């Protein structure tokens, strides 16, 4: 697709005969720059949702053709101010809508999951059916069927209506902002299924979070606002034409991703830094201000709803709001020797994070084989995981011994008979509580709050924490990848907090750090070890804990965990990108790329003849299709006047992407000509044929190119003015190693494989 997306114009003094351009099969542009075997990666295809789809590169570069120049020159100061004002207005709307939808999702999850668990626990504690065993029996069935129903709703929506809504969506956003356009990623159907599916999947008690889906939801909202709505029902307002380009669309989606992270963690600065560190490829100071403005709006909306819901008007939602843990009032004490356990947590987080990435990679490959068998297999896989999760959450608490309540606690504090709070009574007699039920038979957010609880050194026994950690390691591997909207943040937080609290128990009196803070550091270390984030993650945890005293030890943990993890394999998002076949350009080229030049294996593009003396520029496939569909034909070779071009085309038309490439041309029209000069980008980026692939890759990525012309080092008679064209596929390390196997043998293969 990328190779077919442009047509080269070599001579500035002549026009091209249509008959010479009609045969697409003879186009040498279809030949890859680096000769390679036919593989999925070397073609412009990737896994998009449930099927392999064609993808193409975005064009972050400004296409400076005659129409664009005229449009830009004709803009008045009022129009320029209107453009700037509308940018900020859209940033406001992105933050406002993301905050509203995030609040509704949280409200629905807390109430559905909360009332479900409250009924089950109340059934067990009060022996509703007169006999304890009968109550347990009915509790098991109601618990399983409720979770199965919620899971089925989420899975059916994803499988039947929007396969792209499954999973977190962050890898796809990361790839889009890197310059790859994938179909149906930010549509209205995807947004609706993501919202409803997230509520169903999280309420079903599956080991997944709503954080990743919220990032995708924010991006969908931004994309729909920027283009005026869904593709079939788009608003044709005049002012929307300003945003009908890849550059502004990417900026809006960056604001949406930041707003989603902010809505998930109530961390405005962390949301901005997440986009800067993890998902965005191109960043500018103006974009920084707009993303920060969007996240500020999200925080205002969330805070307003939290204050309203604290009065009890939102059902079970509002107790604690969106804050998972708060240690503002905890006295944090640590001395120099505490650096040792902190460093150990970082090392464990890096090792376990890389091990988790490795195992999840294998599980996802297995799931791909199962999912290829059809929709029924996808649904059965999702329901099987739900059934296993429910059985473990309900059955495992019966394996641990009841613990007596601390004498310092009142009868209302221990045991807890409500939905939230520590010390759940479950199957225990009065005055006792079940510590494992406290962690398992609750919502995911409450489980995090419970295991992060401070000043509770004797609340959990070692056996319960070991069961909790082992269970969520298994669930974290087998839940991610099923056909429901899912996020990785919460499963990793639960796993990390488990071994963090275990280490706190092991340290005992040898450390001044509270066991709840050990759990916080464990969660941070595993997230850094798996996702390989550092600065944004540090700020997110800082905003959540509201305590600056945690900053030094959190920084140490994150740096150690990320360093250890990087020495084993890439981040989990990069692994998912590779599995889907999405061509992501990393910020750092491989060292062996400096040994290759861009002219290795180049084939001259169509239209280059040895007698051509000038490279006029590049025309995009979409613009060429516009010319053909509008019958921009001439009976003789001539240059068209400016008024003729403006009469036939406008910049709004050229900003539209053409999905259908079928064009009807009569036999008489085949003998006519097209003047492509007004539609041609006359200032494309060019590199010398002697430039290294590493240097070309850095330029391609940082400027956000779709094509990169290769020109000869020396200009002479008979030498073609253009040697070839580089596209994204020619710079992917995997494709290059496929073309040059000896590099794989000498370098040990591509990094991360």
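Just so you know, glycine gets a Cβ as well, placed from its N, Cα and C.
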Range among 39-59, 102-122, 123-143, 186-206 that TrEMBL annotates as transmembrane segment: 186-206
Per Cβ pairs under 8 Å, the stretch of 80-101, 145-166, 339-358, 465-495, 548-565 packing most closely against the transmembrane segment (287-306): 80-101
Cβ contacts the transmembrane segment (379-400)/the transmembrane segment (145-166), at least three under 8 Å, sequence gap 6 or more: yes
Helix, strand and coil residues within the domain 'CBS' (680-745) as assigned by DSSP: 27 helix, 12 strand, 27 coil
Interface check, the transmembrane segment (339-358) with the transmembrane segment (548-565), three or more C-beta pairs under 8 A: yes
PLDDT averaged over every residue in the domain 'CBS' (680-745): 85
Tertiary contacts of the transmembrane segment (548-565) (same chain, 6+ residues out, Cβ under 8 Å): 327, 332, 334, 338-339, 342-343, 345-347, 349-351, 353-354, 357, 513, 517, 520-521, 524-526, 528-530, 532-534, 537-538, 541-542, 571
Non-local residues, at least 6 beyond the ends, that sit with Cβ under 8 Å of the transmembrane segment (465-495): 151, 154-155, 158-159, 163, 165-170, 193-194, 197-198, 200-201, 206-214, 216, 264, 324, 352-353, 356, 359-360, 363-364, 367, 371, 378-379, 381-382, 385, 388-389, 392, 396, 399-400, 436, 439-440, 444, 447-448, 451, 501-502, 505, 523, 526-527, 530-531, 572
